[in-house]
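Here's what TrEMBL has on this protein:
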TRANSMEM  20-41  transmembrane segment
TRANSMEM  357-385  transmembrane segment
TRANSMEM  422-444  transmembrane segment
TRANSMEM  456-478  transmembrane segment
TRANSMEM  498-531  transmembrane segment
TRANSMEM  543-564  transmembrane segment
TRANSMEM  598-620  transmembrane segment
Amino acid sequence: MGLLSDPVRRRALARIVLRLNTPLCVLSYVAGIAWFLALAFPPLTQRTYMSENAMGSTMVEEQFVGGDRARSFARDFAAHRKKPGALPVAWLERSMRSVGLEVYTQSFSRKLPFPDETHERYMVSGTNVYGILRAPRSASTESLVLTVPCGPDATNSQAVGLLLALAAHFRGQIYWAKDIIFLVTDHDLLGTEAWLEAYHDINVTGIQSSPLQGRAGAIQAAVALELSSDVVTSLDVTVEGLNGQLPNLDLLNLFQTFCQKGGLLCTLQGKLQPQDWTSLEGPLQGLQTLLLMVLRQASGRPHGPHGLFLRYGVEALTLRGINSFRQYKYDLATVGKALEGMFRKLNHLLERLHQSFFFYLLPALSRFVSIGLYMPATGFLLLVLGLKALELWMQLHQAGVNPEEAGKAPSPGTPLLPTQGVGLASLTAPLLISQAMGLALYFLPVLGQHLATQHFPVAEAEAVVLTLLAIYVAGLALPHNTHRVVNSQVPDRGWMALKLVALIYLALQLGCIALLNFSLGFLLAATMVPAAALTKPHGPRTLYAALLVVTSPAVTLFGSLFLWRELLEVPLSLAEGWQLFLTALAQGVLEHYTYGALLFPILALGLYPCWLLFWNVLFWK
């Protein structure tokens, strides 16, 4: 305490902090980026292992041989679906009853906030069909779910056929201790969300649906299946859920274990697993997979029906059958055996999956990075903001010392002036106007879409996207920088105080985001921190302005799309990237209002106003 209370010692500490601040900031930023890139290399990446004792062994005998029956169900389903052009509800009810399930239906409807041009829908109505296999050894207190989403873009005929064949096989077994729900949803994720809300008796998205007539026990785990061919070359597993949620790692380990047991090729992010981690090639391939996972998790989208189950505390995965040009092919019987083994092991659970990790990154299916190893990467980046904030605080509280002379020691004959405070009134204008721009960016695009369509020849979805871009750009042109100066003797105190507030605001936001969704927090920190640290109204203002624009949230999203397609080895042209960017904006807003995705409000209400504060600092008068 004496170091901070003694004025002479405090000035000595300030001189040290100011002298070493820039080298420490550069070192911290480089350390954060290097730490992240090293996550795909041993020893930071570790082998996966099963933590749940009840699932630690694969010694179950899979007896499923209903491949032909699954294909027969798939052909009938596809034939009935072609006739009315919608989900064949009556045929599904008959088929489920024929295999001995309790069958129920649920109708739902949803008016989207604006038309979804990607899936060509606005007023959505559909019917979900589900059958319940009651456990002969319990009182319906727990359940498992096997679900197949059906939509206008993908019928998933083979997945429905395999679901019905598995239901028939499971019906003949007596070892089930949990109810099993076989669910076929209409309109993809909209049907899944409607069913989950009705099952848990809540309504968080505004979907109108009929109450469920039949229920099972508390759902412990779920598997979503997507198959569109009679044979597959591999099964691709998807783990990224709504707002970056991930399932318990043991569920992913269970899937990989039974794929290995049955000789079924499994992939992550569409990438095969590296075989050699001792050479440089294996970790570099793992780094590509890890970057793909980071980009998908940062989007906050539910990348499959499992992503909506995670919101309700249900551990879930989505399995997609891939039929490529690889030599080895697997039929539906092989896939069914893997699913049978997974459900039999999940049937052994005495409690919810909880012993393994919920926060992790995956460079491969057999490798993971735990939260304790990847969080320092974000910590190093946020340290830059802390060091810059400390530097500004030291400069603001040095009595009678200008920022340019902050590193100089006062001469013995120089009298010490009393500390001059910074009036918060001068910061009110930029703070309020920046936050008002964020509110306008969040509310006006959807509320003003009808007004825009009346005065301009655009559709509703185009109006929402164009309004978003117009408000975003208008924030740069508004004269929201205050002309008042805190103290005429120390004119730099105004922008220094504003930047100090902006640095603290940005650090708090990025820290909270990283705790909830590490991938989103890291990507934003990696792009926004350098510009936030360098911005000031002196020096090469044009260079600082270009750096701020390039690292803004919208440009970060635009660049992430190009990086994502490059990692998928499907590069984009500039025109294609722009169209994909506009589609991503529309889908981001739509998914917020439809499913509760938080990326849009985080950017509009939090990071965009904060970014405008740095823009205000740059053009401070």
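Note: Cβ is positioned from N, Cα and C throughout, glycine not excepted.
By the Cβ criterion (under 8 Å, sequence separation of 6 or more), the transmembrane segment (498-531) is in contact with the transmembrane segment (543-564), since 3+ such pairs are found. Against the transmembrane segment (598-620), stretch 422-444 has more CB pairs under 8 A than any other of 357-385, 422-444, 456-478, 543-564. Sequence-distant contacts of the transmembrane segment (456-478) (same chain, at least 6 residues past either end, Cβ-Cβ under 8 Å): 114-117, 433-434, 437, 440-441, 444-446, 448-450, 549, 554, 582, 585-586, 589, 608, 612, 615. Below 8 angstroms of C-beta separation, residues 25, 28-29, 31-33, 35-36, 39-40, 44-48, 237, 239, 246-249, 252, 256, 266-268, 271, 273-274, 277, 283, 286-287, 289-290, 293-294, 503-504, 506-507, 510-511, 514, 518-519, 521-522, 525-526, 529-530, 532-533 of the same chain, each at least six residues beyond the ends of the transmembrane segment (357-385), sit close to that stretch.
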